[in-house]
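Student: Would you mind keeping the following structure in view while I ask a few things?
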Amino acid sequence: MIWVAQMSSIVTPASKAANTMGPKEVELILVKEQNGVQFTTSTLVSPENTHPSGEERETWGKKIDFLLSVIGFAVDLANVWRFPYLCYKNGGGAFLVPYLFFMVIAGMPLFYMELALGQYNREGAAGVWKICPIFKGVGFTVILISLYVGFYYNVIISWALFYLFSSFSGDLPWVNCNNSWNSENCSDLWSNSTLNDSHRTTPAAEYFERGVLHLQDSAGIDDLGRPRWQLTSCLAVVIVVLYFSLWKGVKTSGKVVWITATMPYVVLTVLLLRGVTLPGAIDGIKAYLSVDFLRLLEARVWIEAATQICFSLGVGFGVLIAFSSYNKFSNNCYRDAIITSSINSLTSFFSGFVIFSFLGYMSNKHNVALDKVATDGPGLVFIIYPEAIATLPGSSVWAVIFFIMLLTLGIDSAMGGMESVITGLIDEFKFLHKHRELFTLFIVVSTFLISLFCVTNGGIYVFTLLDHYAAGTSILFGVLIEAIGIAWLYGVDRFSDDIQEMIGQRPGLYWRLCWKFVSPCFLLFMVVVSFATFNPPKYGTYVFPMWANMIGWCLAMSSMAMVPLYALYRFCSLPGSLCDKLAYAITPETEHHLVERNEVRQFTLHHWLVV
């Protein structure tokens, strides 16, 4: 006779630090044979959205919401206006060699590291550093950087919105020189003499600088003037969209990205199909793909490839940590890292075909060399590309399509940056959890008020200053400290154990070697190169005064200073002797009981040598 019974129970195992293992659902199956002998088997089942500590946390509505959010954040305006130009300038297809090399040894490992860090600890950029309390300052560093970037990144989106509204007209306003904002230097004709004459400008360039920015009404950064009401209105619309995309957390933002993350691919495909039909387009694409392996002998090519990898994947902004913290605990973050980082790089490469098909067309139409029209940065998407679109039949329609793409590219990246700030601070200051909607409103309104400096007559100077200092060397420094904290202080072996606990698979030797040696060395090299090759910002011929550069450096140092300042604060606030303070500062908070028993992993040689 056989009886089968099932029951649920809550058990607390004592292994792996009783404080890191929590409630598990246990299914007990009792089987009693006829001879009276009983056999008991048990199966442990851990709910997918529950951390081993037993912590419940909001999760993404669907897995695809998370993937689209990560892709939408990583794939931003820089994929369109920077990578294609770098590829063209640095040996064409040969540039892919250093780019892919750094992608494999640093980009993907760091991307994987941040996704795993956020998913296991289920907190934002600051809260995850309970694994090594003395390094919590790096969490505040990346939160500050994301906040600083929001001050000017939203302005780019407002420019795109302004252009979108301007595109709903029979004649695009950047086509000719017969407008009130045009100067006597405006020339409708492209020719070598025009381009070489520094006093001549194109209608598209004058529309951007004089019609949109009103740069002619400012003498420099010390003469900003009042905010322009048109750009202020566009900026307000952007802020409202961001607020209602973020106020309810990932439940709302996860739905918004279904549009903002997929629309750019639709538009890029449509623009490519149109672009390749234009005269000269093939020449532009050939120039984009032309291979010059001799350029690989130049150190600058490798440095620019490394820099592009650092910034294009979006590591170091705390966004990947914030997004992955809302994943189910057993989510396969390894697969997600491979998929999303690969899509990001493929998008950069794909966008190059779109950009250079139109640049080849412009080169052919005006009979000038391609390097006369090829450029990067805002000038590409707000001057060169609109000018190319203006020459097409049905130009207004193509302009609307193009600027919708820019809007969607910008919005989801801006959402990621804001989510990093909101999640990071809410998880650190728990009382804010109950007031997420109000706190989100406070963050976006504060961002709006600071951004007003960028929509004044001289706002482009403030924009340039922020762009140059807010997330340059400081972001590289932040990721370096993050990599050292995880791989060396917390321990790459312990971090690998955490990943195995989540996905049932321990990271391979390759990933562990990258985390412990390759990626930190790469980042240290990039920090040194960033300081060594630093050049003060400039806009056109305008040179920033010394005091403006001092403010810029104060901005950059304010985020980097959070690391030593918090470390000093943490060290001084801990009890005990100097040795005890150090032990508590570098030991995960869940293992502080081991310090009392003098069982500190970091004080053993094995901890530092194991991979």
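Heads up, the Cβ atoms here are built off N, Cα and C, so glycines get one too.
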Student: Quick test of reading the record: TrEMBL lists a disulfide for CYS177. Which of CYS132, CYS186 is on the other end?
Tutor: CYS186
Student: Could you check the binding-site residues SER312, SER413 and say which one's CB has the most other CB atoms within 10 Å?
Tutor: SER413
Student: Answer with yes or no whether the transmembrane segment (513-534) touches the transmembrane segment (382-409) by the criterion of at least three Cβ pairs under 8 A, sequence separation 6 or more.
Tutor: no
Student: Which residues, given as numbers and ranges, are at least 6 beyond the ends of the transmembrane segment (66-84) yet have a Cβ under 8 Å from it?
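Tutor: Apart from its flanks, the transmembrane segment (66-84) reaches 60, 115, 156, 250, 253-254, 257-258, 260-262, 264, 288, 308, 311-314, 319-320, 323-324, 326-327, 331, 336, 339-341, 343-344, 347-349, 351-352, 354-356, 376-378, 380-381, 406, 409-410, 412-413, 415-417.
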Student: Can you give me the residues near the recorded Na(+) site, meaning same chain, not GLY72, ALA74, VAL75, ASN79, SER312, ASN344, LEU409, ASP412, SER413 themselves, Cβ no more than 8 Å from the center of the site's Cβ atoms?
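Tutor: These residues sit around the Na(+) site: ILE71, PHE73, ASP76, ALA78, GLY314, THR347.
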Student: What parts of the chain pack near the transmembrane segment (138-165), using Cβ distances under 8 Å and only residues at least 6 beyond its ends?
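Tutor: Same-chain contacts beyond the flanks: 77, 124-129, 212, 230-231, 234-235, 237-239, 242, 316-319, 378, 381-382, 386, 399-400, 403-404, 406-407, 410-411, 413-414, 417-418, 420-421, 424-425, 428, 443, 447-448, 450-451, 454-455, 459, 462-463, 466-467, 470-471, 474-475, 477-478, 481-482, 485, 555, 558-560, 562-563, 566.
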Student: Check for me, if you would, whether the transmembrane segment (343-362) reaches the transmembrane segment (546-568) - at least 3 Cβ pairs under 8 Å, residues 6 or more apart in sequence.
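Tutor: Taking Cβ pairs at least 6 residues apart, the transmembrane segment (546-568) and the transmembrane segment (343-362) are not in contact, as fewer than 3 fall under 8 Å.
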